[in-house]
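These come from TrEMBL:
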- CYS274: active site (ACT_SITE)
- HIS330: active site (ACT_SITE)
- ASP353: active site (ACT_SITE)
- ASN393, ASP395, GLU442, GLU447: Ca(2+) binding site (BINDING)
- 266-356: domain 'Transglutaminase-like' (DOMAIN)
Amino acid sequence: MSLLFTVVEIERIDLVCEVNNTDHHTLQNSVDRLIVRRGQPFTITLHLRPGTHFQNGDNINFIAQTGPMPSVVAQTKAKFSLSRFISRSSWSATAETSDSTVSLTVCSHPNAPIGVYKLILDQGERIGLGEFVLLFNPWCKQDSVYLASEAEMEEYVLSQDGLIYRGIPKRITVLPWTFGQFEPGILDICLQILDESPNYISDAALDCSERRNPVYVTRVLSAMINSLDDKGVLVGNWSDDHEDGVKPTVWKDSCSILQQWSNDGCRAVRYGQCWVFAAVACTVSRALGIPCRVVTNYGSARDSNGDLVMERFYNEFDENIANDSIWNFHVWVENWMTRPDLALGYEGWQASDPTPQRRSEGVFCCGPAPVRAIKEGELTFKYDIPFVYAEVNADVVEYIKLRDGRVFKMGGSTTEVGKSISTKAVGRDEREDITHNYKYPEGSEEERRVYEKANHHNKLAQAGEEPGFHIKIKVTPDMQIGSDFDVYAELKNNTMVTKSCRVMFYAQAVSYNGKLGETCGLGNCLIVSYVSGSKVTLRLEYAEYSKAINQDRMIKLVALLIDAETRDFYRAKKTIILDGPEIIVNILGVPKVGQNLVADLALQNPLPEPLENCVFTIHGANLTDGKPITHEVGTVGPKEFVTAKVQFTPKLPGQRKILIDFASDKLHNVETYENLKQGK
């Protein structure tokens with residue numbers, strides 16, 4: 001094709017797919033389509049028309065964009081120009097020229113959203129240079145899915161087949177599975193899954209932007225591999241009736257499932273069970289460049305009420321009548337990535353489960369949950385750690401329920417759940433036991449310590465509370481200027497140990513713009529032992545705060561809590577506004593144009609001292625001739641009522657507001673209003 005540029009004419013564009021795809025470990029996808037990984041350069045060749053020249057300059061610019069609404073702010077659109085060197089931390093480009101060709105090297109940002117991109121040359125006139133698919137890059141150190149081991153990348157990204165473990169711990173069976181992530185058309189189907197998600201349908205621009213984050217993509221896949229809530233890939237069926245579909249045990253590869261889903265207009269494929277859901281999720285993850293492996297947990301608990309305890313109730317015929325259940329085995333996947341949304345140390349393998357067992361944030365999905373957080377019982381981290389923790393480490397308690405309703409405890413176990421957690425070994429057709437990644441040895445002090453911590457965190461979460469040491473300021477509803485009142489600092493010890501602490505609680509005047517004034521209340525420093533539920537009271541007295549506050553009537557409360565042992569500081573703060581007195585308004589007369597009305601006003605002095613220079617003011621458009629009407633009432637004694645009658649005359653018909661203000665030497669900004677509708 002011939003494309004005319006301001007500076008140069010191009011006869012042909014060669015995306016050099018075979019060379020680039022080889023360098024980017026995507027050659028198995030295709031040799032006739034450019035598929036590259038982020039943060040790694042690729043080269044395309046521009047063949048020039050005879051007699052034309054490519055000249056480096058400021059007018060040579062490029063645009064790379066993805067999604068239906070590309071945006072620089074959303075990082076779905078990048079603008080960059082030619083530079084002398086390639087940068088691996090941003091979009092960049094260099095060019096080498098000869099008599100008839102230009103070798104153009106482009107590198108994407110290592111955090112760019114994955115997806116189908118258009119590359120455009122912009123010289124005032126925009127010319128398309130072609131399309132490419134951008135994937136996550138485990139070979140790039142700046143990419144959040146970077147995996148250091150070449151052998152692990154071969155296994156968890158490039159390998160198209162694997163082994164899935166089923167059975168029971170004493171007789172583990174092996175199911176060979178073809179993932180087939182590089183088979184023709186599979187990558188397009190994987191991208192189609194993202195485009196069919198409710199996230200994309202509701203806000204395509206935001207969804208495409210979020211595709212830079214493997215945490216987000218993994219969570220979308222967990223929801224989309226099952227068909228609940230969306231146009232997902234697989235329908236789950238744990239019954240013996242599969243006449244209108246395929247038995248889950250028949251499937252041996254992911255490709256037939258994905259192709260059937262796509263060819264049938266994204267109609268869910270019937271049927272799957274846990275290992276099928278996991279295998280398809282592994283295929284899609286690897287296709288998009290996220291390292292992934294299939295994991296089997298034996299004695300897998302399904303905690304229905306979230307208490308980390310599997311309560312088995314049996315009747316007299318030994319039938320389990322409880323909602324909690326323990327599966328002989330359950331299969332999910334792990335994806336490798338960093339977790340910048342969490343504390344350091346929780347990167348690495350993240351458990352994700354596409355089998356629809358429970359809702360997470362309103363959707364049937366699960367994970368990604370950091371495996372280390374599961375091992376350490378850190379149930380407050382994202383995502384769904386309590387559920388996965390129970391799957392591998394819940395305690396079991398057994399009861400028998402008699403016909404007369406009596407219930408007796410029969411026994412229990414702390415070791416029945418979470419056995420022989422397995423995955424395929426790297427580079428070998430052998431089982432690797434990774435139970436130690438999920439839990440400390442059963443019965444060990446560490447395992448019991450973690451269980452107690454997890455149980456503690458779980459109870460706090462169910463109560464809507466956070467673990468740790470906390471302080472919170474509480475106030476009363478009656479905080480009117482002129483009165484004395486109490487405010488409180490509530491202390492909570494949501495740790496598992498007794499604490500001693502020091503508390504400082506003080507009040508300080510503050511203006512609306514944040515400027516601090518004088519201190520107007522100071523609580524004593526206290527030593528408090530076992531502080532859960534303790535309360536420190538600060539009395540705010542008018543005699544003190546009246547000297548400090550201004551007309552804004554604002555007071556800033558600050559409570560400092562100091563752990564006596566660790567010297568850690570905790571702070572709570574709250575700004576309060578003291579209520580002013582209410583102006584009682586009664587409009588006398590019928591609102592009509594040209595007819596006098598009277599505002600009958602009353603107010604009680606809330607202060608324990610007189611108010612001097614008291615003035616009522618009223619104002620309203622087309623009510624008071626464009627200027628305020630004032631009424632001086634002089635001095636008002638402590639707690640006394642002051643009244644006034646102010647006359648005004650509506651000038652035009654329609655609805656208006658009459659604004660009423662009261663001011664004095666000690667009390668300002670007391671306002672109210674009334675709505676009036678004047679007839680002609």
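Backbone N, Cα and C atoms are what each Cβ position is placed from, and that goes for glycine too.
Note on the domain 'Transglutaminase-like' (266-356): mean pLDDT across this stretch is 90. In the structure shown, the C-beta of ASP353 has more C-beta neighbours within 10 angstroms than that of any other entry among the recorded positions ASP353, ASP395, GLU442, GLU447. For GLU442 (Ca(2+) binding site), the nearest neighbour among the listed active-site residues (CYS274, HIS330, ASP353), judged by C-alpha distance, is HIS330. Cα spacing between ASP395 (Ca(2+) binding site) and CYS274 (active site): 23 Å, rounded to the nearest whole number. Listed in sequence order, the residues ALA394, THR414, THR415, VAL417, GLY418, LYS439, TYR440, GLY443, ARG448, VAL450, TYR451 complete the 8 Å Cβ shell around the Ca(2+) site centroid, once ASN393, ASP395, GLU442, GLU447 themselves are left out. Checking the recorded positions (HIS330, ASP353, GLU447) against CYS274 (active site) with a 10 Å Cα-Cα cut-off leaves HIS330, ASP353. The Cβ of ASN393 (Ca(2+) binding site) has 24 neighbouring Cβ atoms from other residues within 10 Å, across all protein chains displayed. Cα separation, HIS330 (active site) to GLU447 (Ca(2+) binding site), rounded: 22 Å.
Take the CB of HIS330 (active site) and look out to 10 A: across all protein chains shown you find 24 other CB atoms. Here the Cα atom of ASN393 (Ca(2+) binding site) is found 17 Å from that of ASP353 (active site).
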